[in-house]
Amino acid sequence: MYIGIDLGTSGVKAILLNEQGEVVASHTEKLTVSRPHPLWSEQDPEQWWLATDTAMKALGAHDSLRHVKGLGIAGQMHGATLLDKSLQVLRPAILWNDGRCAEECQLLEDKVSASRQITGNLMMPGFTAPKLLWVQRHEAAVFSQVDKVLLPKDYLRLRMTGELASDMSDAAGTMWLDVARRDWSDEMLAACDLSRDAMPALFEGSDVTGQLRPEVAQAWNMPPALVVGGGGDNAAGAVGIGMADAGQAMLSLGTSGVYFAVSEGFLSKPESAVHSFCHACRGRWHLMSVMLSAASCLDWAAKLTGLASVPALIAAAQTADESAGPVWFLPYLSGERTPHNNPQAKGVFFGLTHQHGPAELARAVLEGVGYALADGMDVVHACAIKPEAITLIGGGRARYWRQMLADISGLQLDYRTGGDVGPALGAARLAHVAVHDEADRPGLLKPLPLEQAHRPDDRRVAHYAPQREIFARIFSKLKPLMS
């Protein structure tokens with residue numbers, strides 16, 4: 001049996017996987033976020049450990065853990081966990097969604113002119129490196145004591161095994177990794193007055209990084225199981241649904257929208273805010289576009305139009321009057337990441353007349369989210385990635401919307417179920433691979449069951465193509481007014 005642990009922002013999830021790859025038990029412990037100042041977002045690493053300990057004991061109360069062979073860890077990326085020479089935490093961890101260090105991002109790019117080539121990414125406040133520069137500039141007494149910097153999930157690893165280690169996919173989100181070489185960049189570290197000595201050892205996602213310490217194994221009533229590298233949340237989530245090899249891609253419809261495509265080599269397009277990271281699978285990389293408001297636009301629109309729920313919104317969209325004329329919706333309610341990298345981008349309805357009501361607005365929102373998702377997919381494909389299959393995760397029972405997305409993108413989308421387990425499943429699967437031979441990986445990381453293939457309708461593709469062009473022109477014209 002195998003365990004996967006996912007340290008999320010809102011909770012710690014632990015799952016138990018059997019030899020057939022089936023989830024037999026699961027438990028989640030909630031976490032809270034501290035926001036002591038505007039833009040700040042922090043958590044106490046000790047709370048991570050206490051929640052993990054509680055989740056593991058609850059898992060053991062549901063099913064015996066005495067036959068567990070391996071344990072994998074996934075988690076929220078980019079967080080800065082600062083330790084002193086005694087490996088004690090110096091301050092609350094600064095999280096991925098903390099926005100205090102925009103100025104430090106520019107300073108780092110000025111210091112290292114090749115930073116985008118080295119890291120494959122634009123410097124953004126969410127990443128780890130600018131957080132350390134902020135600490136150096138604003139909390140000098142804390143920075144002077146920093147001996148080690150760990151990512152959130154790797155702090156759990158330290159408590160479990162006593163080892164200082166990370167995996168390639170999570171390390172790629174620090175902006176200290178030379179992503180093409182899969183190694184720390186001395187130049188990027190030096191820009192933060194750090195060196196390799198402050199960094200954990202690097203491993204692939206299915207590499208063994210240590211064993212559970214005897215006292216931890218005893219507390220959890222399990223053997224001293226192997227602990228593997230694991231992965232950052234997006235990479236581990238992709239592994240969980242079988243995205244392990246070049247030519248595979250997934251479109252995830254959550255609060256935000258993420259398009260994740262696997263490659264066999266390092267590719268990048270930082271000028272379009274495409275993320276380029278190492279994958280959690282050996283010898284693989286991935287590109288990722290991020291739309292900040294996807295399903296959250298549907299929640300917002302349901303309230304705006306007075307419809308009872310998102311399903312009601314989607315049902316209303318299907319009754320929209322075709323003769324009323326088109327309405328465009330810019331879905332930038334939280335700014336936008338890919339491809340615009342514009343935190344000032346705003347949501348807009350354009351084209352309203354007396355003929356438009358709630359149903360037409362509902363359809364416009366679904367289409368607008370689709371146009372923005374397709375924009376992100378297009379810039380990823382412009383990096384010379386040609387996915388053989390795109391798995392669609394999320395979207396609930398909204399067959400109408402899923403087909404609309406296929407028609408807007410002009411690409412087949414394979415809707416698969418079972419992806420709701422999340423990154424914990426990928427972490428457990430990586431542990432499963434570690435215990436077996438690497439050659440067995442394809443059989444152990446099979447795709448989830450296919451429920452429906454959404455093939456684009458040529459007539460609807462032709463309808464949406466000019467609508468997408470107008471969508472892009474509306475944003476271009478309004479962009480100067482959004483700052």
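Positions of Cβ are set from backbone N, Cα and C atoms, glycine also.
Residues or ranges marked as site 'Important for activity' in Swiss-Prot (evidence: sequence analysis): Asp6. What Swiss-Prot records for Met77, His78 is substrate binding site. Annotation source Swiss-Prot lists active site, proton acceptor at Asp233, citing sequence analysis.
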Query raised in the report: When the number of other CB atoms within 10 A of each residue's CB is tallied over all shown chains, which of the recorded positions Asp6, Asp233 has the maximum?
Result: Asp6
Report task. Quick one: of the recorded positions Met77, His78, Asp233, which has its CA closest to the CA of Asp6 (site 'Important for activity')? Result -> Asp233
Query raised in the report: In angstrom units, rounded to an integer, how far apart are the Cα atoms of Met77 (substrate binding site) and Asp233 (active site, proton acceptor)?
Result: 7
Query raised in the report: Quick one: Cα separation, His78 (substrate binding site) versus the residue listed as 'active site, proton acceptor', in Å?
Result: 10
Query raised in the report: Which number gives the other C-beta atoms within 10 angstroms of the C-beta of His78 (substrate binding site), all protein chains shown included?
Result: 24
Requested in this report: Inside 10 Å of the Cβ of Met77 (substrate binding site), count up the other Cβ atoms and send me the figure.
Outcome: 25
